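Colleague: Taken from TrEMBL, the feature transmembrane segment covers 12-35, 180-207, 227-247, 278-298, 304-330, 361-378, 518-537, 544-562, 574-598, 619-642, 654-677. Per TrEMBL, domain 'SSD' is recorded for 195-329.
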Amino acid sequence: MGYRMLTYLTIRLPGVIIALWMAFCIVFGSSAALLPSVLKDHGLQVEGAYNEVQHILNDHFGIPADPVIIVFERDNKESVVNLKQIMDQTLSDMIRIEGLETVISPKSDPRMLQGNTGYIVLGFNHPSFAMAPTISKIHSLIPKTPNITVGLTGKSVVQADVNRASLADMKKAEFIGIPLAFVILLVAFGGVLYALLPIVIGLIAVSGAMGIMYWLGMSGTMELSNFVLNVIPMVGLALSIDFALILTNRFREERSAGGVENTIEKAMLITLRTAGRSILFSAACVILGLAAIYLIRLPMFQSVAVAAITVLIISVILNLTLLPAMLSLLNRRESTKYRASTAKLRLKWLQWSSFVMRKPLRMTFFSSMLIVLCVIPVRNLETSIPDASSLPRAYESRWAANTYHSQFESKTSSSIPIVIQDKDLGVGSSKWPAIVQLQQSLKHDPNVLTMEPILQNIHNELLLSVTIRGIPGSEEASEWLRTWEEKGEHYTLPFILGGEAKYEQEIQDEIHERLPSVLLWIGLSNFILLFIAFRSIVIPLKALLMNVLSLGAAFGILVFIFQDGRLGMEPSSIAIMIPVFIFGLAFGISMDYGVFLLSRMTEEYEATGNYKQAIQEGLVSTGRIITSAAAILLVVTIPFAFGEVAGVKQLGVGIATAVFIDATLIRLVLVPSLMMLMGRLNWWLPRFLR
């Protein structure tokens, strides 16, 4: 009944549907360009001890929570005296910048000038995501000296560069990806109008979703990660165009297959009942994967999940309403030329399917071995939280960060501020024996390298800073923090820990603790959905296994390219959010192809009862479309691999690789081979479930 009503509306009232979508574009599409203005930072933040300590240090001890660091480095032609003069001049110029609260320089701490290098710390009362104008102002006031290099760094500076680079990456990807997608559609359909329709659908979905996310960000309902800017076009264009390709192809098949009695309305009804149903189940699989990402309580994951789900829902509605309406307005029968061209392609796919089905065991073995080879590097996978190293070396903020870390920070240890709060911490307080005991415990801890004298403020707070073994993010430092955090909760005088190492430990723990729930949710929800779709136990299990294999291979190739520094990439660990994003996004996208292929096979099996014919017809009917859809997704995602932000490059390569492996080795070789080996068992269902 639903498909019949949908068919009636799209065929009888296409003008109304088109007008409604035009209104949608005016309301939301017009706001799309404003999305960057409401994006925050990367969104890797936990409301925990790190944030609490940062606020205390900033508000009560005058230590900036998110400072701008100005790094100065002289060459051998310049004297130290001139370097000091330039730093003093810079400092005096900075005083007039609005919002400046804290200044720390070599005048107050001589350790900030060593050899050829020095730095100044500036603390502002602006949030980090609103620092771009201030950073521009600082740049304009820095004196230009031939023999002294000056650069800005700090989290807010790096984030401003990442935001700018992400916007450039998105524009570059769209500039390359959309024309290439049009070329593939033109080859697939053989007509300009049919090739343009999926592009139009994709652009409306992306612009509409960006507009909705802009208003969501403006309302303050959700903190939006800058990753949203890349995920919306990556997911929106890829899936919108894929769905449009699948539905348009089925409609043209139905129009060209029937006789006089096969009206546009009848062809559309069949299309929506088959391809439309497949799109609904595919979209549901992707949404379930994205919903699992939302379980991780970090703004980055939650905002990206909401953005991707938004663009996906818009894509589905567009493909089930606007696309059929536009197809109906073309109002012509498919030509003999089109039927002849599809017949030639069908013959080629028939030959391929016969080849695969003749030797299923051999094909299963060789395709499995290729996938296993790709999976092997996964054992060396290392993740890290993105920092300035995610930017190209040419960026000033990365140079300044590298110089600062190499000259003024330890390469083997972490600084940990410990804050003690109590109402009674005055002179002669009964709590001082407990404080002395804490100092002694820390002093005798083998992992504590140094300890600074205690600082006290008027707010009854003490600051005790220690240096521990292990750099931020290392297991050694993280384990020490977990141990002492537990001690702090039950100690005579409770204390809390902070510092960069604490920040990284909190992020890692949140992701690792939530990951099993995410994986379990994706697996169970997709199994139940596929069981409902295909009324089989075997097909859902096999589909899940195929997706895990393609994702494992993608992760292996990601390690091979980025972590090992192959194909011209700078060696670096994988950004901690990338495996989660790829699993959530690519798992659903891969399921899209699986559902389309298996739906066609099941449709034929239910009609004939012949499993061989069903497998062959499914492969022949969908092979060209799956290949075209995968090619479109590749040309939409691969351009991101040539961007500037490391995380964006890794996401683009990871999704493209997973889709390529899934659409070739998995769907066109391994799936039909395994289904051939299992025969009727593919559709086995226990009697009590029938």
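Glycine is treated like the rest: Cβ placed from N, Cα and C.
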Colleague: Could you tell me whether the transmembrane segment (574-598) and the transmembrane segment (654-677) are in contact, taking contact to mean 3+ Cβ pairs under 8 Å with a sequence separation of 6 or more?
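Modeller: Checked: the transmembrane segment (654-677) vs the transmembrane segment (574-598), in contact.
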Colleague: Residues of the same chain, at least six outside the transmembrane segment (278-298), with any C-beta under 8 angstroms of its C-beta?
Modeller: 43-46, 239, 243, 246-247, 304-306, 308-309, 312-313, 315-316, 319-320, 507, 510-511, 514-515, 517-519, 521-522, 525-526, 529-530, 533, 580-581, 583-585, 587-589, 591-592, 595-596, 599
Colleague: Under 8 Å, at least three CB pairs between the transmembrane segment (574-598) and the transmembrane segment (518-537) (pairs 6 or more apart)?
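Modeller: In contact, yes.
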Colleague: Honestly, do the transmembrane segment (619-642) and the transmembrane segment (12-35) touch, with at least three Cβ pairs under 8 Å and pairs 6 or more apart in sequence?
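Modeller: No; fewer than 3 Cβ pairs under 8 Å.
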Colleague: When DSSP states are grouped into helix, strand and coil, how many residues of the domain 'SSD' (195-329) land in each?
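Modeller: Looking at the domain 'SSD' (195-329) with DSSP, the answer is 115 helix, 0 strand, 20 coil.
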Colleague: I need to check the long-range neighbours of the transmembrane segment (180-207): which residues 6 or more away from its ends have a CB within less than 8 Å of a CB in the stretch?
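Modeller: 21, 24-25, 28-29, 32, 232-233, 236-237, 240-241, 243-245, 248-249, 252, 311, 314-315, 318-319, 322-323, 326-327, 330, 338, 341, 624-625, 628, 631-632, 635-636.
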Colleague: Select the range from 12-35, 361-378, 518-537 that forms the most Cβ-Cβ pairs under 8 Å with the transmembrane segment (544-562).
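Modeller: Ranked by Cβ pairs under 8 Å, first place goes to 361-378.
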Colleague: Same chain only, please: residues at least 6 beyond the ends of the transmembrane segment (12-35) with a C-beta under 8 Å from a C-beta of the stretch. Say none if there are none.
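Modeller: Answer is 204, 206-208, 210-215, 217, 228-229, 318, 321-322, 325-326, 328-329.
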Colleague: Taking the domain 'SSD' (195-329) alone, what is its mean pLDDT?
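Modeller: In the predicted model, the domain 'SSD' (195-329) has a mean pLDDT of 86.
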Colleague: Given a Cβ distance threshold of under 8 angstroms, which distant residues of the chain, six or more beyond its ends, lie next to the transmembrane segment (304-330)?
Modeller: 6-7, 9-11, 13-14, 17-18, 21, 43, 193-194, 197, 200-202, 204-206, 208-209, 212-213, 216, 222, 224-225, 227-228, 231-232, 235-236, 239-240, 243-244, 247-248, 251, 264, 268, 271-272, 276, 279-280, 283, 286-287, 290-291, 293-294, 581, 584-585
